[in-house]
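Chemist: For reference, the structure I am asking about is given below.
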């Protein structure tokens with residue numbers, strides 16, 4: 001089955017259960033077909049591609065294809081982030097909050113299996129839309145003999161509406177593993193329903209390649225998502241992980257150091273000019289997200305390392321806190 005038909009059937013099945021946004025795959029392909037008939041082949045510079053300044057013979061770039069795709073991507077990422085955050089907040093909530101949810105009659109979320117299935121559905125939704133976007137941009141480049149699709153993807157990443165960059169995708173993958181592991185530890189039998197016919201996502205795994213941790217999941221469409229869990233600052237497994245708005249993951253204390261802030265003040269006080277150590281993008285610290293599910297997963301999977309790192313970080317945080325309050329005291333007394 002061709003991906004377009006597979007995607008349309010998947011989205012149709014989802015919309016019967018809940019009204020959720022998607023990529024207008026068929027509509028965008030029709031735009032490209034018209035472009036194929038009218039397009040005069042010509043090479044377009046990479047700079048022009050970023051600015052979307054195509055030749056006039058190409059009706060696709062004349063305020064049609066990219067604006068339409070951009071709006072759909074914003075809707076997809078916005079819906080995914082909102083629902084993923086709600087699900088994760090429910091899982092990490094106190095017993096009282098969970099009790100209120102149960103009393104309100106949200107039967108799907110109140111049981112263990114319901115949480116697993118909803119998390120799996122959200123990851124599947126994110127991945128199948130990511131594949132749809134990748135394929136339609138690849139088709140665009142093929143028809144135009146250009147790199148505009150790749151340039152658009154780069155621009156979207158800078159705008160932070162690339163779904164694979166979402167910290168909530170990483171959190172959902174860790175959440176999925178955590179729930180399955182806790183089910184095993186409790187000794188309960190895991191009875192999962194067969195995967196949907198058109199599902200791409202078949203589960204996640206935390207793997208170690210030469211001691212380096214990777215959070216990964218396989219797609220049936222020959223695409224693999226790997227999230228490197230090695231902090232590029234301390235070159236060790238991320239501890240108390242945090243995701244910057246550019247999508248890169250660091251230890252919380254390493255991120256504070258890179259942003260030139262004290263752990264007492266936190267990343268919210270970072271200057272807008274401070275840049276990500278990897279991509280050098282600025283303004284990425286204030287919207288950083290704590291990866292609590294990933295923190296739980298790594299704590300469970302790397303017990304010895306976690307305990308050793310916890311002791312080291314505790315001593316360092318206490319030292320930083322002491323220096324911070326000593327400085328505040330001296331400033332107040334004028335000494």
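Every residue gets a Cβ built from N, Cα and C, even glycine.
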Chemist: Looking at 181-230, 231-280, which one is zinc finger according to Swiss-Prot?
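Modeler: The listed stretch tagged zinc finger in Swiss-Prot is 231-280.
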Chemist: Which numbers of helix, strand and coil residues does DSSP report for the zinc finger (231-280)?
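Modeler: Summed over the zinc finger (231-280), the classes give 10 helix, 8 strand, 32 coil.
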